[in-house]
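Working notes, beginning with the structure itself.
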Amino acid sequence: MEKGLLIVLSGPSGVGKGTVCAALRKRKPELIYSISATTRKPRQGEADGVNYFFKTKEEFQKMIQNNELLEWAEYVGNYYGTPIEFVKKTIDSGEDIILEIDVQGALKVKEKFPEAVYVFLVPPSIDELKNRIEGRGTETADNIKHRLSMAQEEIELLKHYDYAVVNDKIDNACSKIECIIVAEHCKRFRFIENKTKEGV
Ligand SMILES: Nc1ncnc2c1ncn2[C@@H]1O[C@H](COP(=O)(O)OP(=O)(O)OP(=O)(O)O)[C@@H](O)[C@H]1O
Ligand SMILES: Nc1nc2c(ncn2[C@@H]2O[C@H](COP(=O)(O)O)[C@@H](O)[C@H]2O)c(=O)[nH]1
């Protein structure tokens with residue numbers, strides 16, 4: 001059976017990754033979303049097991065020690081990581097899964113899964129990124145400053161990605177990601193062709 005795609009979506013904080021994923025969920029309900037573990041405190045309206053698995057630092061360290069994470073990173077004073085079991089199970093069953101993670105984490109995934117699909121969500125401008133993260137109203141002024149300074153460094157790592165999608169309008173960004181998924185499935189013919197040649 002053909003394996004599912006592992007799609008890694010990154011981009012600076014506030015660019016709209018969560019918003020675009022929420023819209024994609026409605027447009028493409030068959031796509032599976034990985035739920036990350038984090039030591040960050042839940043924001044208003046966030047629920048354990050829905051937005052994140054909220055962990056203490058000790059619980060998170062245990063997950064690292066037990067090799068339960070595909071990747072993990074420290075971001076603005078908190079830990080974030082992707083539980084590996086669910087990702088493996090999903091792709092092995094032939095379903096596509098999307099990881100919404102930061103750039104450091106994405107580059108770690110790339111070391112283990114170079115064949116995954118790496119998509120960078122780009123803000124229309126730095127001013128708009130600032131407006132969005134401020135407008136969301138979830139972070140303190142200091143935290144926003146830190147996130148925006150990370151954004152400058154993260155955008156320089158765009159060259160490691162397969163695709164750049166500008167999140168100007170949510171529908172445009174979703175359409176482009178849907179096109180990428182279709183294209184990547186069509187590209188898998190190379191893999192099938194090689195297997196046929198090898199007589200597998
Ligand atoms: N295309 C868009 N146009 C205008 N506003 C947008 C757009 N996409 C997202 N936003 C707004 O920008 C803010 C940040 O979006 P969101 O929380 O999805 O970002 P994020 O990249 O997931 O951030 P983080 O990495 O911090 O979780 C939200 O208030 C959201 O409503
Ligand atoms: N490396 C990882 N980064 C992750 C993961 N889950 C989320 N994130 C990223 O962290 C920042 C901050 O998120 P926030 O919810 O506090 O705003 C953002 O860029 C997320 O995409 C993960 O499992 N690994």
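Even glycines carry a Cβ here, placed using N, Cα and C.
Just so you know, TrEMBL annotations never went through curation; they're auto-generated.
Under the heading domain 'Guanylate kinase-like', TrEMBL lists 4-182.
DSSP assigns Gly11 (ATP binding site) to coil in the three-state reduction, outside any helix or strand. Counting only residues at least six positions away in the same chain, the Cβ atoms of Lys17, Val103, Phe120, Leu121, Val122, Pro123, Glu154, Asn167 sit under 8 Å from the Cβ of Gly11 (ATP binding site). The ATP binding site feature in TrEMBL is assigned to Gly11, Pro12, Ser13, Gly14, Val15, Gly16, Lys17, Gly18.
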Residues sitting within 8 A of the centre of the Gly11, Pro12, Ser13, Gly14, Val15, Gly16, Lys17, Gly18 CB atoms (ATP site), not counting those, run Leu121, Pro123, Leu129, Arg132, Ile133, Asn167
Hits among Ser13, Gly14, Val15, Gly16, Gly18, i.e. binding-site residues with CB under 6 Å from ligand 2, come out as Ser13
If you tally other C-beta atoms within 10 angstroms for each of the binding-site residues Pro12, Gly18, the top scorer is Pro12
Across the domain 'Guanylate kinase-like' (4-182) the predicted model averages a pLDDT of 97
DSSP output for Gly16 (ATP binding site) maps to coil
